[in-house]
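Take a look at the structure set out below.
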Amino acid sequence: MSFGSCSRHALFTPGALPGSFRTMTTSCVKRVYTAQIRGGDALGKRLPSVSSFPGQLPRHGSHFQSLAFFSTSRRRQTPPPPSPPTTSQSPTVPSKASTTPPTSLNTSKPVATESQDKTDWSIIAKLAGNIWPKNNPNVKFRVIGALTLLVAGKVLNVQVPFFFKTIVDSLNVPITESTTVWVLAGASIAGYGAARVLTTLFGELRNAVFASVAQNAIRKVARETFEHLLNMDMKFHLERQTGGLTRAIDRGTKGISFILSSIVFHVIPTALEISMVCGILSWKFGWDFAAVTAITMLLYTWFTIKTTAWRTTFRKQANAADNKGATVAVDSLINYEAVKSFNNEKYEVAQYDTTLKAYEKASVKIATSLAALNSGQNFIFSSALTMMMLLGAQGIVKGTMTVGDLVLVNQLVFQLSLPLNFLGTVYRELRQSLIDMDVMFNLQSLDSATKDSPTAKPLHLKGGEIEFRNVAFAYHPERPIFRDLSFKIPAGQKVAIVGPSGCGKSTVFRLLFRFYDSSSGQILIDGQDIKTVTLDSLRRSIGVVPQDTPLFHADILHNIRYGNLEATDEQVYEAARKAHVEGTIQRLPEKYATKVGERGLMISGGEKQRLAVARVLLKDPPVLFFDEATSALDVYTETELMRNINSILTGQGKTSVFIAHRLRTISDADLIIVLQDGYVAEQGTHEQLLAMPGGVYHGLWQAQLTESTQPTEEEIERQREELEIVDEKKKQQT
């Protein structure tokens with residue numbers, strides 16, 4: 001066997017085409033393994049020790065398949081590329097004085113190295129707490145077992161070149177007719193095969209043992225982050241895009257997977273193997289061999305890290321184009337009807353193609369910079385190998401080394417080329433993973449503006465009386481909604497809140513439900529300040545039918561049962577009948593199993609509102625809010641539904657609040673509160689308010705009577721009759 005035929009074992013060389021790499025085998029046969037590399041990046045190089053790990057390397061980069069994570073309805077003009085967030089730029093709940101709260105989860109500004117190092121170590125420390133939990137000995141046992149298998153596998157891996165050396169030296173003798181392979185090198189060949197098999201076996205066992213540890217850590221962190229987001233206040237969610245939040249969790253969990261796989265299965269093993277190789281070379285062949293190896297490793301690592309940091313700029317550009325392309329595509333698809341209605345298909349395609357061009361440009365830079373990285377790496381490594389071969393050849397000439405020793409040196413160094421070949425990819429992905437995890441952990445560190453006080457107690461309802469006492473509130477400091485709002489909603493009565501658009505009718509519910517907290521004043525339920533009771537008990541006591549009905553992409557049965565997850569099917573059917581939607585459901589092909597589509601887009605607005613009414617009736621809370629609950633219904637369905645709702649309210653004595661623009665729907669309310677300019681302008685019954693000719697309510701009523709878009713002649717006639725009755729009563733009083 002010639003030295004040349006065995007010295008190129010497992011040498012990786014960059015392929016000529018992006019998306020592939022070439023492996024030189026002992027017989028010098030070139031095999032091209034094509035890997036799916038995003039944008040021709042080095043991600044296509046597979047880590048042998050990680051390939052079977054369940055949480056495989058995340059394929060960050062430009063994957064437009066991630067469109068599903070962008071459920072935003074608003075197009076960002078300049079999507080932020082992922083980059084390290086600083087301490088001051090990390091997403092936090094803005095203070096009351098802040099007028100420009102941060103809405104992005106990423107920042108593109110550079111971070112000081114010292115500060116970033118502290119951040120990285122704090123992230124790793126948080127992650128370590130999840131893979132080494134205090135009260136879980138089973139997980140600790142698995143971690144210890146995985147590390148033991150790792151060390152055992154690397155020790156055996158270093159033994160492989162020694163068996164190779166012994167085989168070469170054993171065969172480097174005169175061959176006779178009685179000579180057989182088993183006589184000369186049988187034991188070494190068997191040991192070589194056993195070492196390789198056991199190395200692979202230990203590696204796979206390590207993957208299997210550590211898999212549950214990694215996946216448990218990923219699940220735990222993702223669950224905690226998701227739970228924390230659900231507990232954040234309304235302001236937080238309105239100021240951030242849902243797609244960005246879901247992608248932050250997705251990237252953060254993938255970052256955990258990569259960090260665990262790279263540190264446990266790549267960084268630590270590579271450092272251990274380099275240390276063992278340097279020690280072996282120094283012990284067997286002298287310090288010069290060890291010095292060449294150590295200098296090569298340091299130079300190789302330095303060059304790779306510096307070049308990869310330079311290439312990261314292009315990756316950020318590709319990610320920015322990817323994010324923008326995802327936003328454009330999802331925005332267009334969600335608004336499909338609008339695109340078709342205005343014949344703007346070509347415009348949307350052009351917008352999408354613009355992002356593809358930006359991505360294409362960045363991808364070309366990624367591919368060319370990858371070629372520069374691979375060339376530099378190969379030059380450094382080839383120079384080191386040449387020097388090692390020269391030292392080895394001199395040793396053979398001097399008689400201090402055998403041919404087998406030369407093979408041993410060659411194999412020891414070449415085994416290091418496998419993990420080092422992925423150093424650039426590992427470093428870049430490690431940096432990106434730390435950034436992604438930092439964003440996710442920052443989400444966990446955010447504090448909700450509305451939360452239980454330390455002394456909060458459950459709400460004890462007596463009748464459901466609601467009182468706003470000198471309440472002030474503003475979404476933005478320069479635009480106050482309420483200045484000194486005070487009113488009382490009697491227990492068990494039907495009360496309506498009306499007023500011009502923007503007067504804060506829906507805000508009343510948001511404050512009562514503690515989506516927001518008032519800046520001053522008190523909101524009381526049966527004399528209890530809602531800030532002193534638990535959020536859970538408060539929100540269980542209030543039901544709402546919102547104007548924009550939120551439905552899940554599930555069947556009708558689930559969407560109604562969401563009001564009470566423990567309700568039986570029969571209770572769901574009864575709620576549907578009360579909401580006057582049973583007949584519509586029965587006419588559907590799959591009845592209650594019918595999917596409503598994303599955000600309920602597969603059913604009409606009126607059907608959505610009736611499902612929302614059924615849902616809140618199933619919840620059966622003592623306090624009910626109806627925010628334009630019948631705005632999408634026809635007159636007949638609205639009349640029937642309101643009759644059912646009124647019968648429920650009358651029979652059970654519930655406190656109900658109706659927010660309405662169509663005043664005829666609340667004319668039978670026990671009390672009508674009219675809001676204007678942040679105050680209560682008027683309040684009273686329908687007849688009392690109509691008896692005030694210059695009043696706000698009277699003006700709204702008259703405007704709806706004369707409005708050209710107002711409903712049928714029968715309704716107008718009925719409203720005129722009501723006005724005549726009021727006028728007649730006034731004459732009698734005078």
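Every residue gets a Cβ built from N, Cα and C, even glycine.
As recorded in Swiss-Prot:
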type: BINDING; residues: TYR475, GLY499, PRO500, SER501, GLY502, CYS503, GLY504, LYS505, SER506, THR507, VAL508, PHE509, ARG510; note: ATP binding site
type: DOMAIN; residues: 143-432; note: domain 'ABC transmembrane type-1'
type: TOPO_DOM; residues: 56-142; note: topological domain 'Mitochondrial matrix'
type: TOPO_DOM; residues: 165-186; note: topological domain 'Mitochondrial intermembrane'
type: TOPO_DOM; residues: 211-259; note: topological domain 'Mitochondrial matrix'
type: TOPO_DOM; residues: 306-371; note: topological domain 'Mitochondrial matrix'
type: TOPO_DOM; residues: 391-405; note: topological domain 'Mitochondrial intermembrane'
type: TOPO_DOM; residues: 428-734; note: topological domain 'Mitochondrial matrix'
type: TRANSMEM; residues: 143-164; note: transmembrane segment
type: TRANSMEM; residues: 187-210; note: transmembrane segment
type: TRANSMEM; residues: 260-283; note: transmembrane segment
type: TRANSMEM; residues: 285-305; note: transmembrane segment
type: TRANSMEM; residues: 372-390; note: transmembrane segment
type: TRANSMEM; residues: 406-427; note: transmembrane segment
I'd like the number of other C-beta atoms within 10 A of the C-beta of PRO500 (ATP binding site), please. 15
Pairwise Cα distance maximum in Å, ATP-binding residues per record: TYR475, GLY499, PRO500, SER501, GLY502, CYS503, GLY504, LYS505, SER506, THR507, VAL508, PHE509, ARG510: 19
For GLY504 (ATP binding site), what is the tally of other C-beta atoms lying within 10 angstroms of its C-beta? 23
Beyond a gap of at least 6 residues from its ends, the CB atoms lying under 8 Å from the topological domain 'Mitochondrial intermembrane' (391-405) belong to 3, 164-169, 172, 284-285, 288-289, 292
Long-range environment of the transmembrane segment (143-164) - Cβ separation under 8 angstroms, sequence gap at least 6: 6, 131-132, 188-189, 191-192, 195-196, 198-199, 202-203, 205-206, 209-210, 213, 264-265, 268-269, 272-273, 276-277, 280, 404, 407-408, 411-412, 415
Would you list the DSSP helix, strand and coil counts for the residues of the topological domain 'Mitochondrial intermembrane' (391-405)? 11 helix, 0 strand, 4 coil
Using DSSP and three states only, what is ARG510 (ATP binding site)? helix
Per DSSP, to which secondary structure element type does TYR475 (ATP binding site) belong, with helix, strand and coil as the options? strand
Assigned conformation of GLY502 (ATP binding site) - DSSP reduced to three states: coil
Far apart in sequence but close in space: which same-chain residues, 6 or more away, have a Cβ under 8 Å from SER506 (ATP binding site)? GLN547, ASP627, ILE659
If you count Cβ atoms within 10 Å of the Cβ of TYR475 (ATP binding site), leaving out that atom itself, what do you get? 14
